[in-house]
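One structure is given here, and the rest of the page talks about it.
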Amino acid sequence: MQPRRAQAPGAQLLPALALLLLLLGAGPRGSSLANPVPAAPLSAPGPCAAQPCRNGGVCTSRPEPDPQHPAPAGEPGYSCTCPAGISGANCQLVADPCASNPCHHGNCSSSSSSSSDGYLCICNEGYEGPNCEQALPSLPATGWTESMAPRQLQPVPATQEPDKILPRSQATVTLPTWQPKTGQKVVEMKWDQVEVIPDIACGNASSNSSAGGRLVSFEVPQNTSVKIRQDATASLILLWKVTATGFQQCSLIDGRSVTPLQASGGLVLLEEMLALGNNHFIGFVNDSVTKSIVALRLTLVVKVSTCVPGESHANDLECSGKGKCTTKPSEATFSCTCEEQYVGTFCEEYDACQRKPCQNNASCIDANEKQDGSNFTCVCLPGYTGELCQSKIDYCILDPCRNGATCISSLSGFTCQCPEGYFGSACEEKVDPCASSPCQNNGTCYVDGVHFTCNCSPGFTGPTCAQLIDFCALSPCAHGTCRSVGTSYKCLCDPGYHGLYCEEEYNECLSAPCLNAATCRDLVNGYECVCLAEYKGTHCELYKDPCANVSCLNGATCDSDGLNGTCICAPGFTGEECDIDINECDSNPCHHGGSCLDQPNGYNCHCPHGWVGANCEIHLQWKSGHMAESLTNMPRHSLYIIIGALCVAFILMLIILIVGICRISRIEYQGSSRPAYEEFYNCRSIDSEFSNAIASIRHARFGKKSRPAMYDVSPIAYEDYSPDDKPLVTLIKTKDL
């Protein structure tokens, strides 16, 4: 049996109602054809000229906007008054008659215009009536029951266990048994293969507080029963068949409870319970694994096994008359290839926006009230207008700018480029250059045409008197740093300078800081004392001792007479510090091969054999070798003592002798002639030579570090000085001490 076409009650009234609306429709502003309104003067076309109101809506133009207060960007210049059942800015929205799923056992189609309700139910096999609510006698009466307590389902929090888990004895309801008939097709849905999705909350799809749900959707061919095979951990408690809206909202308000049949290992939904198209079920399962009552949301899409041949698509009811039904031999289902602008599994939805008729990125709104290709509305972006938003709005067409301003139109409105001297959104106000008090710091503003000038207060400058005069720019401080202070300046003088401009230098010498007749020399921030030679110090307060830094050695003394100290060396030393011992042997004072031994402030000569004297200048004649040998072998210090003693005795005797001789000679000289004088002279000469010899002997005895010696005196022949050829000293020989 083919699906029947059910006509909704009152469908035949639709043409009459449409005609009545056309005949009774009022003209603009309440005018009618019998009383035409006098023709208005020709002007620019209004916003209602494009007939933007759809579905019999009445367009009313808004008052012309004030140029000073233009309408908000994007707001149209008209409003639509929609008839009953129609809504939207352009009366483009019509309530979907199929949204409430009026067809209980069939598919709802809004394509027919012969129904006053705006929809047509295509009943499934076994059902009839305007809403497919009447079951044929072949439907088992035990398959449906009334909804006992329709209620809004509430999610179970994930952290909270249900108040009571029904035991299996109470959860399992005694159901009529079912046995498959010969050739009957059954599709099994295994419960353990259905995954629990935690984010699916029954009652609130965005909630995360539910214990989870099971969402299943699959297709089955027509005339096929569905067997829900349960496992050992879950048992089905309740099952409702709901509308599409109730399925989305997890609501049982418009649902009916379903009593499936009991089969081996599961529950069975008979094919008579599954209408052609979408079938939505909500069930509750007592799950012992999750220890909660899990919601099962089941969608079964039933399709006919084969396509119904027809002369045109209008008779192809499987695809709502707006598509081509196709099937494959390997599949038990069919699919619809929809015509242009039709969408949905059964091509049941008309989408006028599918071909994107709106231009300039406008939004297309599908009205869904008729299928003539014009049931859409374009919502234009700011700056565009027209049925398809194809025209750009010229906001400058009414010349809103005044006083010769230039109007610039943009997508969001217009802007006015004002000439000099005017301002405002439409350049309607004249500029007062001094109105904004541009002169700062108590400056006085004067209007100069469209400009202004400022007379600045003392200390300020600039076009708006905003700048302090920089008094320091001219560097008024001669020897200091300039600092601006308010409307003046101040000089911070460098050390050593004073005055208003730091032009005067301090004379530090006025206080006479230098002592001891020193000269004071004035400096910048200071002074310098030039001391006399014998003074030193910052103020020449210290006496400079010439000997303070002089080091005199070896018993020398420092002479501080003068500016520089001088060392006066002890005998035998030389040098600036008397640190050099004079080597008297450098002049080779020892004669006849004598060896010179340097001594402090002197020297000693070690004479060779046969020579004596300080410088080994006296030659000795020895009487015998024994005496010489004894002198040679005698210790030198003993010899020196003996010789010294002999010499002293000899000298005393010699002095006495000489004195006596000289006295005698003087007496004789006084009474004698010249020869006597010459003789006396020769005597003095002899006495002088002899005295030198004795002195040399004494020097050898009493010289520096000389060794003691004793001498025996013997006569020595002095032929030149002795008149009687008799030697005065015959022999000088050493004695052992």
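Cβ atoms are placed via backbone N, Cα and C, with glycine included.
A quick note: this is a predicted structure, and the numbers were derived from the prediction, not measured.
According to Swiss-Prot, of the residues N107, N223, N442, N223 is the one noted as N-linked glycosylation site.
In the disulfide annotation of Swiss-Prot, C396 is paired with C407 out of the candidates C389, C401, C407. Per Swiss-Prot, the range carrying the annotation region 'Interaction with AP1G1 and somatodendritic targeting' out of 201-204, 381-384, 609-612, 677-680 is 677-680. Here the candidates are C48, C82, and Swiss-Prot names C48 as the disulfide partner of C59. Secondary structure of the domain 'EGF-like 7' (468-503) per DSSP, as helix, strand and coil residue counts: 4 helix, 15 strand, 17 coil. Close to C616 (disulfide bond), meaning Cα to Cα within 10 A, are the following disulfide-bonded residues out of C358, C378, C569, C590, C605: C590, C605. When the disulfide-bonded residues C319, C380, C520, C558, C605 are screened for a C-alpha within 10 angstroms of the C-alpha of C569 (disulfide bond), the residues that qualify, in sequence order, are C558. Secondary structure counts, DSSP: the domain 'EGF-like 4' (349-390) has 0 helix, 12 strand, 30 coil. In this structure, the C-alpha atom of C378 (disulfide bond) lies 28 angstrom from that of C108 (disulfide bond). Around C472 (disulfide bond), a 10 Å sphere centred on its CB holds 15 further CB atoms from the protein chains shown. Taking a C-beta cut-off of under 8 angstroms and a sequence separation of 6 or more, C389 (disulfide bond) has the following same-chain neighbours: C358, Q359, N360, A362, C378, V379, C380, L381.
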